[in-house]
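A short write-up of the structure that comes next.
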Amino acid sequence: MDLGAITKYSALHAKPNGLILQYGTAGFRTKAEHLDHVMFRMGLLAVLRSKQTKSTIGVMVTASHNPEEDNGVKLVDPLGEMLAPSWEEHATCLANAEEQDMQRVLIDISEKEAVNLQQDAFVVIGRDTRPSSEKLSQSVIDGVTVLGGQFHDYGLLTTPQLHYMVYCRNTGGRYGKATVEGYYQKLSKAFVELTKQASCSGDEYRSLKVDCANGIGALKLREMEHYFSQGLSVQLFNDGSKGKLNHLCGADFVKSHQKPPQGMEIKSNERCCSFDGDADRIVYYYHDADGHFHLIDGDKIATLISSFLKELLVEIGESLNIGVVQTAYANGSSTRYLEEVMKVPVYCTKTGVKHLHHKAQEFDIGVYFEANGHGTALFSTAVEMKIKQSAEQLEDKKRKAAKMLENIIDLFNQAAGDAISDMLVIEAILALKGLTVQQWDALYTDLPNRQLKVQVADRRVISTTNAERQAVTPPGLQEAINDLVKKYKLSRAFVRPSGTEDVVRVYAEADSQESADHLAHEVSLAVFQLAGGIGERPQPGF
Ligand SMILES: CC(=O)N[C@H]1[C@@H](OP(=O)(O)O)O[C@H](CO)[C@@H](O)[C@@H]1O
Ligand SMILES: [Mg+2]
């Protein structure tokens, strides 16, 4: 470690005095102008992690669905997954060290993690389309080079594409080729094969309107579209040519406001979807003949996918264990449908995809989705091998189903939730099953629900248990919630401190929108009173 060089370069990426940031659910995220030193230091950290794991590590510069002025950074571990929790702590320490303490913190991390500093390091970098991203990714590169690491800068990429690259590079190309071209080819080949097998859907089903949140998804989908145009034609909206990133559009806007994005004209019963700013989330929606908006969120996507996979397994005659992983935000109707109608076991984890991803790895086939549309399906190596064999050995109908499953496996991005990959999976399933968007929506009816935010002095006063569904502290809060929930039918409510914003989130659902709204409001008041609310008391009405 050339400590002299590190100190010299670090001074060029100086940390603003007193600024403290946390490596949160999705890495560091804040106003772009506060992030230069964090980027440089994450370049350093990625080199240490790469040396320690003897693998390629990824660094993604993005702030996903946040406003255009924000930015962020996260590290991607060897198999394309999120950074290990112990390294999240190192990331926080390193990002917050004052200039004069930097060297010591770097040495501490190296010693604690037994990093062999003589080991080679390789880091791959990607960035989204924010105006600040190019310069910030250059700061990451500065950090990588000053510690003697080698790197490949992919430039503009969706977040899941970067996860894919890392996974490919660390598995000797078995997962796919670590190029954008390789990504397009792998997914498109699987998709076109699948749609060729679809007999029951006419051309009218094969087109889709896509709101790209004025982000990277637009660029990448445009590059990719001709690879799969045989199976699907996409019409892009909010492609970044005029609107602002994530402003009044994108998956997060559509899900949280439960209304269509601006800048997209929707005719009744047309199938539409929205990506978020870095294209790792997707939600679907349509207007019915009466002009009512219908949202099809991550829960319904998980239901469509898991029911299709289950049907294929039955046809092939394989009894593999399949599980669905959700968070407390999953609509109660979806959980009930999965468990009672589909007879699929459902598990609930804490919020944040890393928790869902890890749980999903426990099954032969694990399908995980957050209600907001971030998710994918994971297949164990044994399952992949078994299905490949079946696709060659079995007879006729069974072989056809095995072949279909083989292609579906290839179509999923198993490194991370991926809007483009999920979109193609959904389109393939709808085509193969001959389902319209309305028929898909009709699988079950969502319980009306409401999400609210409450400002408190210190959100850490709220601690939770049971996958965040019950509050342990402050005293009396859970009892108050229990009493309120009892007043409504089919009701459920919980509160938790957000991991990405300085707020407490309140979630409520009940048998009518009015009840869900009332319950959410009453729970907000309880939080305000018992957990140190600040500012104006929560007001009714939305
Ligand atoms: C209710 C909700 O949607 N929460 C989001 C949000 O986390 P919070 O910890 O709730 O702020 O951002 C996370 C990162 O993008 C995402 O994983 C999660 O689902
Ligand atoms: Mg995102």
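Each residue, glycine too, has its Cβ placed from N, Cα and C.
What you are looking at is a predicted structure, and each value in this text was computed from that prediction instead of being measured.
Among the residue ranges 163-190, 191-218, 387-414, 471-498, the one that TrEMBL annotates as coiled coil is 387-414. Among the candidates Ser55, Ser64, Ser86, the residue that TrEMBL names alongside Asp276, Asp278, Asp280 for the Mg(2+) site is Ser64. Highlighted here are the binding-site residues (Asp276, Asp278, Glu370, Pro497) whose C-beta falls below 6 Å from ligand 2: Asp276, Asp278, in sequence order.
In this structure, none of the binding-site residues Asp276, Asp278, Asp280, Pro497 sits close to ligand 1 with a C-beta under 6 angstroms from any of its atoms.
Taken residue by residue with DSSP, Gly499 (substrate binding site) is part of neither helix nor strand, so it is coil. Looking at Asp280 (Mg(2+) binding site) and Pro497 (substrate binding site), their Cα atoms lie 23 Å from each other. Comparing Glu370 (substrate binding site) with Asp276 (Mg(2+) binding site), their Cα atoms are 14 Å apart once rounded.
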